[in-house]
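As recorded in TrEMBL:
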- 60-85: transmembrane segment (TRANSMEM)
- 91-109: transmembrane segment (TRANSMEM)
- 91-246: domain 'Sodium/calcium exchanger membrane region' (DOMAIN)
- 121-143: transmembrane segment (TRANSMEM)
- 155-177: transmembrane segment (TRANSMEM)
- 189-213: transmembrane segment (TRANSMEM)
- 225-244: transmembrane segment (TRANSMEM)
- 280-299: transmembrane segment (TRANSMEM)
- 280-422: domain 'Sodium/calcium exchanger membrane region' (DOMAIN)
- 311-337: transmembrane segment (TRANSMEM)
- 344-371: transmembrane segment (TRANSMEM)
- 377-398: transmembrane segment (TRANSMEM)
- 405-426: transmembrane segment (TRANSMEM)
Amino acid sequence: MGSIEENIDLESDEEIPFRSSQATDKLQNFHFETPQTILEPSISSSWASFRLRNSLIRSIYIVLIKAKINVLLPFGPLAILLHYLTGKHGWVFFFTLLGITPLAERLGYATEQLAFFTGPTVGGLLNATFGNATEMIISIYALNHGMIRVVQQSLLGSILSNMLLVLGCAFFTGGIIHYKKVQLFNKAAALVNSSLLLMAVMGLLFPAVLHFTHTEVVFGKSELSLSRFSSCIMLVAYASYLFFQLKSQPNLYNVIDDDRECIVEESKDEEAPEITMWEAIGWLFILTLWVSILSGYLVDAIQGASDSWNMPVSFISVILLPIVGNAAEHASAIMFAMKDKLDITLGVAIGSSTQISMFVIPFCVVIGWFMGQPMDLNFQLFETATLFITVLVVAFMLQDGTSNYFKGLMLILSYLIVAASFFVHVDKANDDD
């Protein structure tokens, strides 16, 4: 009977709270816990390093390998090698253009990923800052070397390219694919951007007119003072525009579509961050650094490329350089037009032109002020007249809120006229410098 009672005591753990078997279990648990506590930090650290390594590999794949345009990335190091081995400026310029093109697109991608974590207000400021980071980096480097005309003409070319070529290709492809229907976009938002572009034209027009009519109070200084004052005003106007767009009147920029709920559901499913916030910040830093390095070789090779190709510097600055900065805008604008989302297309093409004219150009004037460079808003009469006519043409195209392939074709043909004009244009200001 004693053995039976012992077995019963061993099996009934809940009835008898204090037993010798529990003491032995505690002792056994104590002996087994000691090595477990020693092993836990090493296991957790190895697991953390494993996850970090996988996250880093995945981030590299998404940013540097996944996009098809990244096949152009090796041309950047190749351009640097050609610069030191051959000194052929034409090939260095061409390969640097190819190498910077995917970097500009990836900068836009990293900015979009970071905007997921910052909210709409900070995201709008990020887009204003990094959306045209390539143009800003090239402009600041050229400013530092006193190449003011290259800065002016490259920024002007970015505006012309976005408004005529990018928007024209988007309208044309969208109209061909959706030829059975009339494509619509938000007319009110387009008119606000057109008004800002006209204000930018006014800011560029008055210093040029003041210079060429010789009506300055102090020759050479009044024009520069007016440009710096107007640049500060334009920056204030652009900041007010961001507040108006993001906070005060966000309903003005709602998407026009008959099936708006479906678009919202699709955007919720499609739009999700692919990389973390700190990865996006890290990639912004790395890509900006690499763009700044290549921009130095690009700017240094402009004059040599002009001589070797027998091509005007103004044509290279206005037509060829903007291809680099507008590669991302070009691809995304056409893609959204093919999906019949013209409001996003206008936000990409016209919005980028507004950023350059109302933010990047005045910002470069202020930066040149601090650098001691006489960067002004006098873009010369030929360039200013070209911008004025372009803004008028695009404003008339957007006033009815509809799009078709014929409008796109007219914008593309207008850009070809502009390109041909700069190919035969001799920049007197550049020759004087």
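Glycine is no exception: its Cβ is also placed from the backbone N, Cα and C atoms.
TrEMBL annotations: computationally assigned, not manually curated.
For the transmembrane segment (311-337), the partner stretch with the most Cβ pairs below 8 Å, chosen from 225-244, 280-299, 405-426, is 405-426. Below 8 A, the CB atoms of the transmembrane segment (280-299) and the transmembrane segment (405-426) form no more than two pairs separated by six or more positions in the chain, fewer than 3 in all. Cβ atoms under 8 Å from those of the transmembrane segment (344-371) belong to residues 127-128, 131-132, 135-136, 139-140, 143-144, 148, 151, 155, 158-159, 162-163, 166-167, 170, 174, 185-186, 189-190, 193-194, 196-197, 199-201, 203-204, 227-228, 230-232, 234-235, 237-238, 241, 253, 255, 326, 329, 332-333, 336-337, 377, 394, 398 of the same chain, restricted to positions at least 6 beyond its ends.
Tertiary proximity for the transmembrane segment (155-177) is limited to same-chain residues at least six positions away from its ends with a CB under 8 Å from its CB atoms, namely 132, 135, 139, 183, 197, 317-319, 321-323, 325-326, 329-330, 333-334, 336-338, 340, 342, 345-346, 348-350, 352-353, 356-357, 360-361, 364, 379, 383, 386-387, 390-391, 393-394, 403-412, 414-415, 418.
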